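Features as listed in TrEMBL:
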DOMAIN    18-167  domain 'Glycolipid transfer protein'
Amino acid sequence: MALLLEHEFKPLPADKQIETLPFLEAVAHLPPFFDCLGTPIVYSPVKADLAGNIKKIRAVYDSNPGKFKTLQNILEAEKETHGSAWPKTGATLALMWLKRGLKFILVLLQSISDGERDEEHPNLIRVNALKAYELALKKYHGWMLQKLFTGSVYALPYKSDLLKALEKGKEVKEEETIEKIRQFVSRVSPILDAIYEMYTRMNAELSYKA
């Protein structure tokens with residue numbers, strides 16, 4: 001799949017220490033995924049948020065690449081530096097929201113590749129998008145944002161159009177694109193799980209609403 005497999009994520013090492021630079025270089029190519037979903041009034045802010053959080057983490061990394069070699073290095077250093085303001089600050093906060101946006105992408109793609117669908121409208125992706133929103137973002141959004149996202153599913157593209165967009169407009173058999181989606185999800189899921197585990201372990205997760 002042209003959009004998602006062009007820039008590979010490094011395999012998760014045994015110690016689950018995620019190297020900052022390779023992670024940022026891979027994830028930096030994901031914001032355009034939201035262009036494939038249409039409805040810019042809803043997904044453009046999510047895309048901008050994802051890109052902005054990547055930029056914030058990259059700025060911290062660039063300030064001292066040796067010190068911030070892994071994502072855990074960043075969280076540990078910011079915890080020590082910011083004291084009581086942590087974790088609601090700096091790259092720690094940026095990565096917290098970044099992982100939520102990444103989870104939305106993964107759950108949506110996993111749901112599609114698993115064949116979950118509305119049997120009456122099998123070419124729609126509302127079921128998949130609502131599942132992704134419920135699991136990744138909903139509890140962190142206030143009432144207005146929740147209503148906006150729930151309503152946006154009626155303007156989502158057909159599944160066939162989404163898959164074509166992921167191939168950058170090329171005509172590819174659906175089963176081939178689905179297999180590429182599975183490859184992408186299998187590569188990124190262990191990394192995302194490790195980030196969530198790190199936030200839980202360090203008591204860095206926040207549940208306030210945007």
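Every residue, even glycine, has its Cβ placed from backbone N, Cα and C.
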Number of helical, extended and coil residues in the domain 'Glycolipid transfer protein' (18-167), per DSSP: 113 helix, 4 strand, 33 coil
Confidence summary for the domain 'Glycolipid transfer protein' (18-167), mean pLDDT rounded: 94
